[in-house]
Every structure is written in C-alpha cells, then in structure tokens.
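Have a look at the structure below before the remarks.
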Amino acid sequence: MRVHVVDHPLVSHKLTNLRDENTDSPTFRRLVDQLVTLLAYEATRDVRVGPVDIVTPVGPTSGVRLTDPQPLVVPILRAGLGMLDGMMRLLPTAEVGFLGMMRNEETLQASTYAERLPDDLSGRQCYVLDPMLATGGTLAAAIRFLTDRGADDITAICLLAALEGCERLERDLAGLDVPVTVVTAAMDEKLNDKGYIVPGLGDAGDRLYGLAG
Ligand SMILES: O=P(O)(O)OC[C@H]1O[C@H](OP(=O)(O)OP(=O)(O)O)[C@H](O)[C@@H]1O
Ligand SMILES: O=c1cc[nH]c(=O)[nH]1
Ligand SMILES: [Mg+2]
C-alpha cells in the first residue's frame, strides 16, 4: 500500500479551516468540495490515457485522452458523498458506484447497508472517496468489497487519515494482490477512545449533513 500525504500550502490552509469548530456546515461543504479537487489532482497522476490525433484551429497535433473503460468513482455514504462533485469536476466522464457503510460507534465495526456497483470491476481504475480514515475498518471493508468484484487498481482519497488506521489497513490488506494507494491531506497522530481522529475535524458526516440520529 502506498500512502501519499499531499504537501501543499493551499491544501493545508483549507484543511485548517475545515478542522476549525467554528466553520459552519455551508462553509464546511464548500471546503470539502475544494479540497477533494486538489487531492484528486494528485490522486489521478496515474490515470490511464492513450494517444490521440487532433486538429487545432492552426494545424494537426497529437495529445492524450482518458481511455475506456472510464474510471469508476465510489463515494462511501454518507460523508463521501460530500466529495463527489469536486471529484467529478476533475473527471467528468467517470462513472459512479455507491457504497453505503456505517461504523458502529460502540464496537467501531463497519457494516455495509447499501451497494450499487458494476458487477465486474476488473480493468477499472477505482477511486474511493471517504473523508475520514480513522481505525481503517471502513476503508478496509470497502476495498475488500471492490476486490471481491474484481477491482485490480484502487486509489482512496481521504481528507484526513490517522497513522494507526493506515497501519491497520496495511495489515488487513496484506496478501491482497491489488495495488492500493491512499491520498490524504494530512496524517494525524492518534485516535481517541471513541475512535475519532485527534486532532481531526470531528464527525465529517454530521458536519456535512447534520446529526443522523
Ligand atoms: O476508519 P473508520 O474507523 O472505519 O471510520 C471512518 C468512517 O467513519 C465515518 O463514517 P460513519 O460511519 O460515521 O458514517 P457517515 O458517513 O454516515 O457519518 C467516515 O466517513 C468513515 O466512513
Ligand atoms: O474522526 C472521525 C472518525 C470517524 N468518523 C468521523 O467522521 N470522524
Ligand atoms: Mg459519521
């Protein structure tokens, strides 16, 4: 597994505002949208393109275009939905599959409550969107779900990751013969006793969409 922490002053600036408890929901949503676009720029560095010949108003030249099958973007509901528009702005021809996952706040076990994905993901570049990689249980389960469908190339974009979550993910995915990359804006130092990232930004889903009840 490869972990890439994007080191850019604009990313750090926006992340600081995102973390701030005084940031209201509309501003939080806008910052998530902007941050994912910046992270996606790094995350798509290896997106597959092929050569094409075109003609400009001045003359012929060659360039590249995204090749088929188009990438698949997979937001993890709920909070990952807040990252979808920003991602699609960069990859407008991508297809979108959905995974609904929820972490039990007592046991910290992730479970899947919804799924709408293509049956066969082989040969697709899959971009998983989830703002928080805390214990790593949700992302590990999501990656297993995708590889069970044949996914062979997975990049996760997380706004924030915790070191121990990344270590757990690496352990959980050991033996999986699929390249996995995690792109994040920051690697935070720890989790608290409720499994929240410290210093983190709180509950991403609640800050985006309000309390789920
Ligand atoms: O790394 P983990 O310890 O598994 O925790 C991270 C998960 O927790 C949050 O989702 P949550 O379960 O709160 O659902 P929500 O997006 O509906 O709020 C977050 O969006 C991740 O999916
Ligand atoms: O810090 C955390 C951990 C899990 N889920 C969140 O939304 N935030
Ligand atoms: Mg939540």
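Backbone N, Cα and C define each Cβ position, glycine as well.
Because the structure is a prediction, the values reported are computed rather than measured.
Quick look at what TrEMBL annotates:
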- 5-210: domain 'Phosphoribosyltransferase' (DOMAIN)
- Arg78, Arg103, Asp130, Pro131, Met132, Leu133, Ala134, Thr135, Gly136, Gly137, Thr138, Asp203: 5-phospho-alpha-D-ribose 1-diphosphate binding site (BINDING)
- Ile197, Gly202, Asp203, Ala204: uracil binding site (BINDING)
Within the domain 'Phosphoribosyltransferase' (5-210) only, compute the mean pLDDT. 97
Long-range same-chain neighbours of Gly136 (5-phospho-alpha-D-ribose 1-diphosphate binding site), Cβ under 8 Å, sequence gap at least 6? Ala162, Glu164, Gly165, Cys166, Glu167, Arg168, Leu169, Asp172
Counting across all protein chains present, how many other Cβ atoms fall within 10 Å of the Cβ of Ile197 (uracil binding site)? 26
Anything from the binding-site residues Arg78, Asp130, Gly136, Thr138, Asp203 with its Cβ under 6 A from ligand 2? List those in sequence order. Asp203
Asp130, Ala134, Ile197, Gly202: which of these binding-site residues put a Cβ within less than 6 Å of any ligand 3 atom? none
Per DSSP (helix/strand/coil reduction), Met132 (5-phospho-alpha-D-ribose 1-diphosphate binding site) sits in strand
At 10 angstroms around each C-beta, which of the binding-site residues Asp130, Asp203 has the fewest other C-beta atoms nearby? Asp203
Quick one: of the binding-site residues Met132, Ala134, Thr138, which has its CA closest to the CA of Asp203 (uracil binding site)? Met132
Taking ligand 1 as the reference and 6 angstroms as the Cβ limit (strictly under), which binding-site residues among Met132, Ile197, Gly202 are close? Met132
Rounded Cα separation (Å) that holds between Thr138 (5-phospho-alpha-D-ribose 1-diphosphate binding site) and Ile197 (uracil binding site): 14
Inside 10 Å of the Cβ of Ala134 (5-phospho-alpha-D-ribose 1-diphosphate binding site), count up the other Cβ atoms and send me the figure. 27
